[in-house]
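Straight from TrEMBL, the features:
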- H220, D222, H276: Fe cation binding site (BINDING)
- 202-336: domain 'Fe2OG dioxygenase' (DOMAIN)
Amino acid sequence: MGKMAAAVSSVATLATEPGEDAFRKLFRFYRQSRPGTADLGGVIDFSAAQAAHGTGPGAHKVVRSQLSVSSVSDHDAHRAGLQPVSKWQAYGLRGYPGYQWHWVKQCLKLYSQKPNVCNLDKHMTKEETRDLWEQSKESLRYKDMNKRRPRSLLEKLRWVTLGYHYNWDSKKYSADHYTPFPSDLAFLSEQVAAACGFQGFRAEAGILNYYRLDSTLGIHIDRSELDHSKPLLSFSFGQSAIFLLGGLKRDEAPTAMFMHSGDIMVMSGFSRLLNHAVPKVLPGPEGESLPCCLETPLPAILPRDSVVEPCSAEDWQVCASYLETARVNMTVRQVLATDQDFPLEPVEENKRDFTTEGFCHLDDKNSQVKRPRLNSDS
């Protein structure tokens, strides 16, 4: 009880004046927070038993959410590497009306490949970024044996875009900037959306963020999609992070919650256009390099038509080594409404080279560019 009181006291000192940027104030508080201390006492933990029973930090905001169990068959859930929907635990927040091995491997080994676009394209040639996995796997596999080695290209990766490629400069999607969206990730997203009541969801664009332990994701709203009636899906893997969900304006103080490995967040309805951010990625408890949920490999027997594939011990060794000091987040969006087309753009806009310009999602903390971005000193 003493710890909880201290936590409440710490956050209480962050009271803001009307019109003040309450979101940024709390963002800075959690960015400077210390793991294992009362600093994190006010962060909602959906994986903890008390969240399910209405106790613990922020419990008054947590409500159980009903899922559309009949919308996704157990077979289709199994194909996507998911538990049957009847076994899911889904939660919502009052005031916000709205098998991991495979997906980690895809983010590091497959989705990082061309023709998908990544932050490294800004400063490297297509040949240099052709296969980040092959260029990095040996360095990652033996990184504990060589502490002074240079960082691998995968460790320098900060974001990858899929499908309709987001242009960080214009903050727009375009029909001209498109490569095929991964079919396995599209299937996973469709099942999750259907279970949440969004039948007919189409996975058209994806942004993958690769966080180091010192990375943050700045305060922003995902409003560039042309159809906001469809949800934004977020899948987390690796080390845990603090996620802040605010309001329509920055003077509304956000709610802090943990995002653990295997968590899925669905932002829909009112919450679809709210401010949100990630102020801190948390290292695992001392002696635990990976969350225990990542110790479980895929089942030996998968459905014949499964979209998930076995992950070899060699590949998982590389993935596990990477995740010891990292977090990977996949966000999937539907960009266009049914039968909707992109608005016509000026010719000059269409001629821009989306592989080499306009990427400001990743910047050093000392950068003066004021745009939503994934920051890292490393």
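Glycine residues also receive a Cβ, built from the backbone N, Cα and C atoms like all the rest.
Automatic, uncurated: that is what TrEMBL annotation is.
Summary: among the binding-site residues (H220, H276), the fewest other C-beta atoms within 10 A of the C-beta are counted at H220. For the domain 'Fe2OG dioxygenase' (202-336), residue counts in helix, strand and coil come to 20 helix, 48 strand, 67 coil, using DSSP.
Within the model, the domain 'Fe2OG dioxygenase' (202-336) carries an average pLDDT of 92. D222 (Fe cation binding site) has a Cβ environment of 18 other Cβ atoms inside 10 Å.
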